[in-house]
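Enquirer: Copying in the features that TrEMBL gives for the protein in this structure:
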BINDING   Lys564  ATP binding site
DOMAIN    47-179  domain 'Bulb-type lectin'
DOMAIN    363-447  domain 'Apple'
DOMAIN    536-814  domain 'Protein kinase'
SIGNAL    1-24  signal peptide
TRANSMEM  479-501  transmembrane segment
Amino acid sequence: MAGASLVLLFFTSAISIFLPLISAQFFSHREPTANLSTVWTINPPLSPNLTYPDGSAVFPLLIRGSSGPSFSFGFYCTPPCNAFLLSIFIVNTNRLSEITLNSSDLPQVVWSANRNLLVGLNATALFSANGDLILRDANGIAVWSTNTSGHGADTLTLTDSGNLLILDPDRRNIWASFDHPTDSLLLGQSLKEGHRLTANSSATNTTSGQLYITVLDGGLAAFVDSSPPQLYFSNGFTNPPNISAVFVTFNNGSLDIFALFSQPGVPDMYIALPSSSSHQYLRFEDDGHLKLYGWSGGWKFLKDVLDVFPDDCAYPTVCGQYGICLNGQCSCPQAANGDSSFFKPVNPLQINLGCRVSTPISCEAAKSQQLLALTNVSYFNYLDPSTASIEDIDTESCKQACLRNCSCKAALFQYGPNASSGSCYLPSQIFSLMSNRPDITHYNSSAFLKVQTPISNPPPPLGAFPEATPGSRSWRKKLVIGLLVGFILAGLLLMFIILCARRRRRGEKLEEEDKFDEVPGMVCRYSYEELKSATKNFEEKLGQGGFGTVFKGTLSNGVDIAVKRLDDTGEGKEQFLAEVETIGSVHHINLVSLIGFCVEKSHKLLVLEYIPNGSLDTWIFGEKATALDWKTRQNIIFDIAKGLSYLHEECRQKIAHLDIKPQNILLDQNFNAKVGDFGLAKLIDRDQSEIMTRMRGTPGYLAPEWLTSIITEKADVYSFGVVVLEVICGRKNLVPSQLEEAGYLIALVQEKLKDNLLEDLFDKHCGDMEAHKEEALETMRLAIWCLQIDSSRRPSMSTVVKVLEGSSDVHFDIDSDLLVGSGPFM
């Protein structure tokens, strides 16, 4: 009996110890570190996972913590759990570091690797033998990587502070998740100058949204990511000194701003926060608020760091695009007479989602546009006076400036007591507007929204006069005499001008040659006779362009060259000047190099490096198309992107090529691509967001904004997108001999995109493209991103390069409507 009593006592004690753990439901222990060649796969029946009451689930790979909130690295999903984030999340654990499950401690995601491209079941995370952490989807495509192979890494570890580290054998950091924030900051983490927290697109969509908060030399600043970005919050130094770096650190009790110009380790400014003895994190939310959350038996909201506005109306997306916010309530713009026909809610049941114009604004019908006046309406971006397009201007001039600019969506006029002088803002994208109270804001403001109206009756034809009356006959006689005298004087003036022009022409010829005596970056200036000899009197023609002809030649030292002889026309001279200005001083492996030039009397010639495999068009449209496999095509696309990225972002001035097409892409002996023919290029100063220029380029490759003659380097991005489609599809964008849509590649792409059948357009001559179907489709989606009608929605070329490298993703929210009107733009 005594033995039975002891056994009963033992089982009673065991049940009393383990029953709480059983009722809480717990997850088995996981280590906080991993070694090289470790592989994890999302396979619910086999992979340890835990599903929470709200339907979300976690697949922990690493866990670091003790009893209470702990950090875990693994996969996370929300219902229906068919798409996964590789992420760091906070979970609740017991004293054995086992995850416990209850409704008050749902997992809190604080970092993610693949927010813009979720993976599916059977995706894998691999800490490779080379020290690279790689995420692959079930099809084997690499979605994300730390790019740390070859750096001697040997350990992956999750720290107590939630920092995922890759370390070398000496425990030195090779890579840290703290250096790559997404939308959250953890205690001890810093946000460095130029880095940003980007909010999710919505509460249920993890992709990067339009709102971000970053650190500038003036401190902390929050923006809407438009073109250009629009500021809505700033907290920092009023007159920032000349400092080397600025960063913000999230500490317990404060958000500290350091500028490194005063006492080391002491913040130069701080934002007070509630302190805590447990876990906290800051998250930049999709509504534009930066919120502090803390653990106290469950996760609780503690403070809004950006809570400096009278109400939510000062946030840029509170009422969506074009929505007007008044006391937290949203409405769509109306005319002064109550006419509400110009704007409609995006969703009548959710007015906070914004409004849309009833008739889309068309640059082709600019004459039928007008401005809808809204008095006492303000805009959040007034916070940044530097973004005002025009200062010290009156209301009417501000309105006319918007009507003349196709990209302008509204004229926003901020002024003091006198409307004859104010600041004029001309944004290309309108977010939430707000009602203005001059007694509170101490300024007046009016908004004039651009709307499209039906085309009015045309004016009388030019030259139509009123019917003559007897009283007007004497007036007609005077008019005839005046016209005769005017013609005689004009003829004499014309003769004088011709004589002066002939005298000046001789001097201009010499001055024109002298312009090029000090051209930067030139290797050599050749005489006409030298180039005539090198080309054997221009015997072997390589190609014909709109402004000249290209010949093959060989210099006396045996170097093969291509000599471009420019026509002696006004446009030919302009092209020559453009080429010398641009490629004369830039050098990149993916740009055709300028070796020298010749300016002699009427002769103008460029000496370029000889590219043996000729232009891209002969390889993708002609009989040679079968020679290019998928990898070669992929490398060509990558090379073009790198060349354009260099022109747009790495030169002293931005260089817009403005004539990107296969005929201007040359291939060397190894099929490396080089961008050539800079005859239509334009230089853009770094402080210019756009330039105005006459239409130039080639039909089929022209971006829609050419209709306004106001362009940016994004015109090249559009042309690049067309070229990418041509490379993959093996056909020209415009084929006039074919009927309607069949003759326009972009129209076919739009149709197939909507039907999810893009692979139908693959070049049938490329035997292995089908084997690389996913890569080809992803590249087509990148091209479609580049073809967005709104230039501000296109990626930069540096972003394109990152996507092609695999270090970034194609934007999730791309518009599938690629046509201007009902067909090709040009």
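Using N, Cα and C of the backbone, Cβ positions are placed for all residues, glycine too.
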Enquirer: Restricting attention to the domain 'Protein kinase' (536-814), give the mean pLDDT.
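Expert: For the domain 'Protein kinase' (536-814), the model's average pLDDT rounds to 84.
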Enquirer: With contact taken as 3 or more Cβ pairs under 8 angstroms (pairs 6 or more apart in sequence), are the domain 'Apple' (363-447) and the domain 'Bulb-type lectin' (47-179) in contact?
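Expert: When sequence-distant Cβ pairs are counted, the domain 'Bulb-type lectin' (47-179) does not touch the domain 'Apple' (363-447), since fewer than 3 lie under 8 Å.
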Enquirer: I'd like the Cβ neighbour count for Lys564 (ATP binding site), meaning other Cβ atoms within 10 Å of its Cβ, all protein chains included.
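Expert: Other Cβ atoms within 10 Å of Lys564 (ATP binding site): 26.
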Enquirer: For the domain 'Apple' (363-447), DSSP counts of helix, strand and coil?
Expert: 27 helix, 31 strand, 27 coil
